[in-house]
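Colleague: Attaching a single structure in structure tokens format; questions to follow.
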Amino acid sequence: MFIDTARIYIKAGDGGNGIISFRREKYVAYGGPDGGDGGKGGDVIFIADPNLSTLLDFKYRKKYIAQNGENGRGKNQYGKNGEDLYIKVPVGTLIINDETGEIIADLVKPNQKAIVLRGGKGGRGNAKFATPTLKTPRFAESGEKGKEMWVRLELKLLADVGLIGFPNAGKSTLLASCTRAKPKIANYPFTTLTPNLGVVEHKGKSFVMADIPGLIEGAHRGEGLGHDFLRHIERTKMLIHVVDVSASEGRDPIEDFEKINEELKLYSERLLTLSQIVAANKIDIQSGKENFPAFEKEIKKRGYEVYPISALTKVGIDKLLDKTIEILSSIPVEEIKEVPEVIVYTPPEEEETLNIEVKDNTYYLSGTKIDKLLKRVNLQDEHSLRYFEMLLRKSGVIDALKEKGFKSGDTINVRDFEFEYYE
């Protein structure tokens with residue numbers, strides 16, 4: 001089954017907690033603090049696997065969580081770092097922030113990596129807080145929580161030539177005639193519901209051809225799976241527009257041609273700048289032979305070259321492929337942009353806020369600034385509370401409180417925990 005979009009939840013590992021510990025050794029009366037730091041949480045890393053061709057795995061599993069770091073230990077032992085989580089995706093996968101729509105990474109190279117979420121830092125053990133004036137700190141930091149987010153994955157096929165046209169125009173048959181690909185072929189609307197790829201080898205040259213599923217009017221708005229199909233055209237170098245010139249489906253070949261190009265234009269005008277040649281298919285049918293002269297005349301008026309073919313009997317295929325190779329050879333090679341082996345994504349920082357509300361001489365603190373400070377302390381522990389007070393001073397919160405009339409001895413309330421602050 002071919003799946004080219006997915007939405008998944010990812011979370012980096014939490015940092016391990018620092019530990020409170022004191023050296024206990026025979027003949028050492030005052031060993032001092034020896035609590036070790038917690039380990040770092042595991043990162044979430046995407047890797048482009050050349051052996052994958054679909055996002056099918058993500059249909060059955062939606063949550064991916066990296067390993068947490070281990071807590072620190074006594075004797076100044078650090079906790080073990082959490083293992084990084086590697087998520088394999090096909091080459092050509094876009095990773096998008098589902099909330100903002102921001103493109104995080106475009107993995108276009110085999111084995112290319114994207115570090116999307118960094119694991120939380122480990123908390124510091126009490127040994128790190130020992131000072132000449134605080135020789136036996138009885139508190140430690142909690143580990144930092146790993147970041148989390150929902151991401152959208154979109155697979156865009158990497159092909160040189162895209163086959164476009166209405167359903168049943170003969171694209172799958174043409175792909176099968178030119179390559180060893182074996183797409184399912186039948187005479188039903190939307191016969192091909194997934195793109196198929198094949199390698200064309202012709203007169204010593206080779207290129208990748210993609211059969212883009214049949215489009216309908218309104219495809220640019222997403223109708224008839226339109227967005228899913230049009231996405232795959234974006235990376236192609238040129239297009240072969242397959243038209244059923246026999247009108248076997250009861251449609252007018254000229255109108256078919258115009259409608260498909262209109263859909264391309266409405267989706268992205270850049271698609272119309274791609275080189276495009278027209279394959280007038282089903283020329284082996286009597287109505288195809290009769291319709292071809294008028295069709296060719298109209299298409300040439302629009303500036304396109306037309307090649308009469310029969311994808312079924314392979315009539316005219318050689319000339320079509322000759323022209324395709326000629327065009328591909330003439331397309332200037334894009335200046336190769338250096339593709340980084342590893343992409344490191346930095347999520348947008350949450351805007352820092354500090355809210356102060358005063359009621360009955362009690363100062364209520366809230367906001368992202370306070371949340372960040374609280375993540376690494378335990379207010380129920382007296383020593384940790386003293387450390388929190390120091391953080392309030394260093395971060396400028398106490399100065400902000402003083403601007404509101406706060407003075408030494410007043411009460412501070414944080415998440416319903418109240419304490420008196422003295423300088």
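In case you wondered, yes, glycine gets a Cβ from its N, Cα and C as well.
What Swiss-Prot records for this protein is below:
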type	residues	note
BINDING	165-172, 190-194, 211-214, 281-284, 310-312	GTP binding site
BINDING	S172, T192	Mg(2+) binding site
DOMAIN	1-158	domain 'Obg'
DOMAIN	159-329	domain 'OBG-type G'
DOMAIN	346-423	domain 'OCT'
Colleague: Report, in whole Å, the straight Cα-to-Cα distance of S172 (Mg(2+) binding site) from G165 (GTP binding site).
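Modeller: Pair distance, Cα basis, whole Å: 11 Å.
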Colleague: Between the binding-site residues K171, K282, where is the Cβ count within 10 Å the lowest?
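Modeller: Looking at the binding-site residues K171, K282, the Cβ with the fewest others within 10 Å is that of K282.
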Colleague: Report, as a single number, how many Cβ atoms besides its own are within 10 Å of the Cβ of S172 (Mg(2+) binding site).
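Modeller: Cβ-Cβ neighbours of S172 (Mg(2+) binding site) within 10 Å number 25.
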Colleague: Do any residues at least six apart in sequence from S310 (GTP binding site), in the same chain, have a Cβ closer than 8 Å to its Cβ, and if so which, in order?
Modeller: N281, K282, I283, D284, G288, G316
Colleague: Including all protein chains displayed, how many Cβ atoms other than that of G165 (GTP binding site) lie within 10 Å of its Cβ?
Modeller: 26
Colleague: Could you check what DSSP calls S172 (Mg(2+) binding site) once collapsed to helix, strand or coil?
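Modeller: It is helical.
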Colleague: Please spell out the DSSP helix, strand and coil residue counts for the domain 'OCT' (346-423).
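Modeller: Tallied per class, the domain 'OCT' (346-423) gives 27 helix, 18 strand, 33 coil.
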Colleague: Please give me the CB contact count at 10 A for N168 (GTP binding site), counting all chains in the structure.
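Modeller: Its Cβ has 23 other Cβ atoms within 10 Å.
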